[in-house]
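What Swiss-Prot says about this one:
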BINDING   13, 14, 15, 21, 22, 149, 150, 151, 208, 217, 218, 219, 220, 221  ATP binding site
BINDING   137  L-tryptophan binding site
MOTIF     14-22  motif ''HIGH' region'
MOTIF     217-221  motif ''KMSKS' region'
């Protein structure tokens, strides 16, 4: 019985400075995952076009994100690292999925509603069809797992829906070509060409919030630079931002339950726990009953110790664009070989002549 080979896929848009939330919520975890899993990590520069970036800035951001990957510990000898636009099979499979997915499915995507806002009629078709390309990114490599944040869970569910509909729509053709793979859907054993990709469950650091508003996710689009710690920030800037982080007037609680309803306190304790690879309970054992100034001082030292080596290596790599380009080129060749193998089967399945 054939089964899908375990494979992890994930990607990041090159749209500005990566920050602490990206590192703790994604990249740090990816570094750990590559030790035990086969991984593909992608800089999704095709997705970036949905926000109409300056072309020169997009190329620079693509290199900076790649530099952050490498500086944080992602090893191109262990994992495939590439930028999406080098492998045009992403767009080819996305078109197939555009013909499989239903408009109603896309219309329910909350991220489109959030990004398009009230001016939906002027939003680009690319933004509307973003989840279809995301599904293609994942399924082009027949990835079995994806580390996802809260804001991407709905898109992964759509990816599974698209995979299942493709498998159902073309079930006879898949069987006749002998390219089906056995998998379990609920209690039923079925055969399909694409896997129903599973989310990788993250630890508590998955959602890092703004330093200025604990109810909002840390974001590179926030107009206040004090709201986030960028991976390119120097030691003094990191310390300043943590010192100025918003808190409430009460001291730190001794129990995790005491963080309820206190988003800024919860965020700082969570960041400390994530950077120190411990738990909120352990942090509060040390700082419970003390003032925020004590936690902030220790957190600043910890953040500098953890992030400064990444910052220095990232700057060194950005100064050597030829090396970054070679990493992306080599990764693109590896990814392209896998992608073409998948698409040869997809073309046969849907009936595109290839002779």
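Cβ coordinates are placed from backbone N, Cα and C, and glycine is handled just like the others.
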Where residue 22 (ATP binding site) falls in three-state DSSP terms: helix
Between residue 22 (ATP binding site) and residue 137 (L-tryptophan binding site), the C-alpha gap once rounded to whole angstrom: 19
Count of other CB atoms lying within 10 Å of the CB belonging to residue 13 (ATP binding site): 19
Cβ-Cβ neighbours of residue 137 (L-tryptophan binding site) (radius 10 Å): 25
Segment confidence, the motif ''KMSKS' region' (217-221), expressed as mean pLDDT: 88
Close approaches to the motif ''KMSKS' region' (217-221) from elsewhere in its chain (Cβ under 8 angstroms; 6 or more beyond its ends): 15-22, 151, 207-211, 227-228, 230
Sparsest-packed of the listed binding-site residues (15, 22, 208, 218, 220) - C-beta count within 10 angstroms: 220
Tally of residues which DSSP labels helix, strand or coil - the motif ''KMSKS' region' (217-221): 0 helix, 1 strand, 4 coil
Residue 15 (ATP binding site) in three-state DSSP notation: coil
Nearest-integer angstrom distance between the alpha carbons (Cα) of residue 220 (ATP binding site) and residue 137 (L-tryptophan binding site): 23
Distance, residue 208 (ATP binding site) to the residue listed as 'L-tryptophan binding site' (CA atoms, angstrom): 25
